[in-house]
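Here's the structure we're looking at; comments come further down.
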């Protein structure tokens, strides 16, 4: 009897729980509107929105390389399945043409589409929720005045139950807190501006923060290094692999111009980011540098001394002019490859960004894993079309995986004090077959429009 | 060490770190591939290795043991030019001609692996190869012609003799 009552009680509880969850999860549709006329938006607001869209790097996911801007359809591989980005042009049928500003504000703040559907967190609303109403208004004005494109992305390929959007309500309950950015009164106005841009629209953590098994950023490891489109997004905190310590000035220079003499040129998805940031005023870049420098923190005296000593050594020129005789433990093969294939650029003293970086300065060679080094050597840095840019040829068709392993073994041994990478051959094989998906972009990939022909997915 | 170039094996007496380009030109006297920038940025030195276009100025021969190297000399002869060479002659694609061997080898690699490459693919693929004279339009035209000639050549008798 008692047990029966217990069961009934449990049943009621489950029903109430499920109903409650459903009520929590259910979001109403926001009525469609007729796509607004361009004249209904203030020109200054549209221009402001263009800058904000650049900060948000909207184009990176919502434009297919070679396709129409913001028309979506980019394949985004995730550990859970494949997502295709949506069309955010103001086309009424296939884009967001029927979205009112309120619907747009809700998507940014709560990750909910106009019809009330929960959006997948590949759309980084965990960051975008920080964006102010005013900035969302400007973004809306910008997007609603783009060229409408009729294009429907392919359906997402996600296994059950992830293909049921209601499940996302549970994900949000666990990992998502909505609400606009609240300034930290103990910090400067500049720092707060930087935090707003970096943690909000800039969504730096989407790549630079590691994720848990359910794909949510680990809050305790904020900006401690993550992954982006097959590239390691290096740690921005004290664990950064950069041989020269990042400081506010260095970060400002790098973010402003896309390269830094002591760190090299932005590559992979980051080149798109620095390209986009070109639209921002110096003051915003400065604010971002201020905030990130506070994340980097004060380096230890030992680290600082090592960094300064390295800079002194660099000034006296390359160290490896005699490497032909370096018949080291790695059989000298890696050294010979380096000398013949790499040194012509990496040791000719030509300054950044057009010369090869002295690899003693390279975060990639000092990194915890070999992925970026593999990507760099296999695919290089494609030239940007129609303008001067940094460039590096790729060696995918020259080097076998064993030869690549010899080369990277040599680089690691010769240019760093780090332990060898153990898994280069396997990683390289997975990278080449596409089992591990890597996207390759030109150094200043601002737009993924048709003229950006260097962009391709490997 | 032994190098397989244009179908025959050559015994080469050179430092294993020597770039392929120097060995081709100085040791084997195959002068089609040119030295341009020496940095893999102009494409004048492009040759084929195992069917792929590579920069020979940046490729030490120690990487090439047992692999098949092909240069313009391997595409045909003066008397019997191959389809790629024939196309470049017919379209008069060369001005100074310095970039042309590299252009031909990169185009050959593309059309061998993708006989129906689109015009856009041809243009994208040739992007790493620079031409200072500005004959790009004629070069592109020649490659498109080669695309057609190669299809006919593929159907020619096995002797490899080109029927005119």
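Heads up, the Cβ atoms here are built off N, Cα and C, so glycines get one too.
Please treat TrEMBL annotations as automatic predictions, because they have not gone through curation.
These numbers come from a predicted model, not from an experiment.
Annotated features, as they stand in TrEMBL:
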- A:58, A:61, A:62: heme c 1 binding site (BINDING)
- A:204, A:207, A:208: heme c 2 binding site (BINDING)
- A:342, A:345, A:346: heme c 3 binding site (BINDING)
- A:44-147: domain 'Cytochrome c' (DOMAIN)
- A:189-296: domain 'Cytochrome c' (DOMAIN)
- A:329-415: domain 'Cytochrome c' (DOMAIN)
- A:435-458: region 'Disordered' (REGION)
Closest of A:58, A:62, A:342, A:345 to residue A:204 (heme c 2 binding site), Cα positions, binding-site residues only: A:58
Candidate with sparsest Cβ neighbourhood (10 Å radius) among A:208, A:346, the listed binding-site residues: A:346
Intrachain C-beta neighbours of residue A:62 (heme c 1 binding site), sequence separation six or more, cut-off 8 angstroms: A:70, A:71, A:72, A:74, A:85, A:86, A:87, A:88
Chain B neighbours, restricted to the binding-site residues A:62, A:204, A:346, by C-beta under 8 angstroms: none
Of A:58, A:61, A:207 (the binding-site residues), the residue whose Cβ has the fewest other Cβ atoms within 10 Å: A:58
Per DSSP, three-state class assigned to residue A:58 (heme c 1 binding site): helix
Among A:204, A:342, A:345, the most crowded of the binding-site residues [Cβ within 10 Å]: A:204
PLDDT averaged over the residues of the domain 'Cytochrome c' (A:44-147): 94
Pairwise Cα distance for residue A:58 (heme c 1 binding site)/residue A:346 (heme c 3 binding site) [Å, integer]: 34
